[in-house]
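Trainee: According to TrEMBL:
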TRANSMEM  29-52  transmembrane segment
DOMAIN    44-293  domain 'G-protein coupled receptors family 1 profile'
TRANSMEM  64-85  transmembrane segment
TRANSMEM  105-123  transmembrane segment
TRANSMEM  144-171  transmembrane segment
TRANSMEM  200-229  transmembrane segment
TRANSMEM  241-263  transmembrane segment
TRANSMEM  275-295  transmembrane segment
Amino acid sequence: MGTGRMHNHSTVSTFILWGFSSFPDLQRLLFVVIFFSHVTILAANVSIMLAIKLSHSLHTPMYFFLFGLSLSETCTTMVIIPRVLVDLLSESKTISLPECATQMFFFFTLAGNNCFILAAMSYDRYTAIHSPLYYPILMTHKVCFLLMMASCIVGILISVSFTTIVFSLSYCDSNIVQHFFCDIAPVVHLACDYTSYHEIAIFVLSAFVLLGSFVLIMVSYVFIITVIMKMPSTEGRYKAFSTYSSHFTVVSIHYGFACFGYLKHKGSDTFREDMLMAVTYTMLTPLLNPVVYTLRNKEMRTALRKVLANGNRFFLQVANKRDQNI
């Protein structure tokens with residue numbers, strides 16, 4: 001990831017993640033809020049994954065991709081939030097350059113993966129409505145697996161490119177990162193040799209991930225809407241729109257925040273604004289995804305009720321056995 005080259009011409013060996021240090025009186029409150037947000041995100045996404053895994057009726061391509069998205073979102077929060085929680089309770093908020101590079105690599109791998117999973121989900125929905133008779137042939141387990149693997153590989157390649165660009169630069173002056181994790185803009189602005197060429201390269205890569213996957217999604221939705229509008233039944237159109245509204249809501253939230261955070265011009269005077277925006281796509285979006293899919297999906301609600309009922313039954317049996325042993 002370029003960290004070996006980095007030490008040859010950098011005098012800075014550690015960064016300080018300044019992040020929420022601008023709010024010294026709110027450290028404990030922020031810890032409590034972020035901790036419970038993290039627990040809620042984990043519980044919500046794990047519940048969705050369990051519901052999909054344990055409910056045979058949900059073993060379809062759409063829920064396969066939803067399982068992948070929930071897993072990826074869970075891993076994304078695990079890359080960022082535990083470190084934030086530790087820093088909120090610690091006086092020292094330092095992170096070494098290799099640790100910073102590792103965090104950046106995994107975050108952007110998972111972020112890119114999320115984007116292309118959403119694109120795969122939109123293709124799946126387009127295939128389901130455009131070619132319902134051929135859908136089982138077109139969206140086989142092998143095709144779904146290959147689409148998921150392609151999303152992951154593209155995420156890795158993009159992240160390697162980002163991390164190589166950022167950590168091949170020289171860091172020889174300030175080491176205070178105005179953020180709560182190693183995001184690209186606040187790190188590269190500390191480099192001594194950061195130029196417009198680096199800025200253009202980072203922008204092009206960001207645009208490829210965000211706009212490239214977004215265009216694929218929008219093309220699918222244009223075809224989907226075209227097919228829906230040709231339906232003779234008003235009730236049929238309503239059911240079709242309600243089926244795809246969950247995915248469209250998640251796409252709108254995800255790309256709205258991400259595009260604002262990564263495609264606009266960055267300056268040192270916008271870092272606080274960017275940090276607050278980062279809170280939304282690292283903590284709010286992973287929480288909204290399961291909420292949206294659960295509230296707007298009857299099959300998922302039914303599966304979750306079964307999982308919760310089975311979980312309660314299991315714990316009651318364990319408790320009864322323990323009482324009998326006593």
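Glycine is no exception: its Cβ is also placed from the backbone N, Cα and C atoms.
A TrEMBL annotation is a machine prediction, not a hand-curated record.
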Trainee: Considering only Cβ pairs within less than 8 angstroms, which of the stretches 29-52, 64-85, 105-123, 144-171 has the most against the transmembrane segment (275-295)?
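Mentor: Top-ranked stretch among 29-52, 64-85, 105-123, 144-171: 29-52.
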Trainee: Examine the transmembrane segment (144-171) against the transmembrane segment (241-263) and state whether at least 3 Cβ pairs sit under 8 A, considering only residue pairs 6 or more apart.
Mentor: no
Trainee: Are there residues at least 6 beyond the ends of the transmembrane segment (64-85) whose Cβ is under 8 Å from a Cβ of it, and what are they?
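Mentor: Distant Cβ neighbours of the transmembrane segment (64-85) are 17, 19-20, 31, 34-35, 37-38, 41-42, 45-46, 48-49, 52-53, 95, 103, 106-107, 110-111, 113-114, 117-118, 120-121, 124, 144, 147-148, 151, 180-181, 282-283, 285-286, 289-290, 293.
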Trainee: On average, what pLDDT score does this prediction assign to the domain 'G-protein coupled receptors family 1 profile' (44-293)?
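Mentor: A mean pLDDT of 87 is what the model gives the domain 'G-protein coupled receptors family 1 profile' (44-293).
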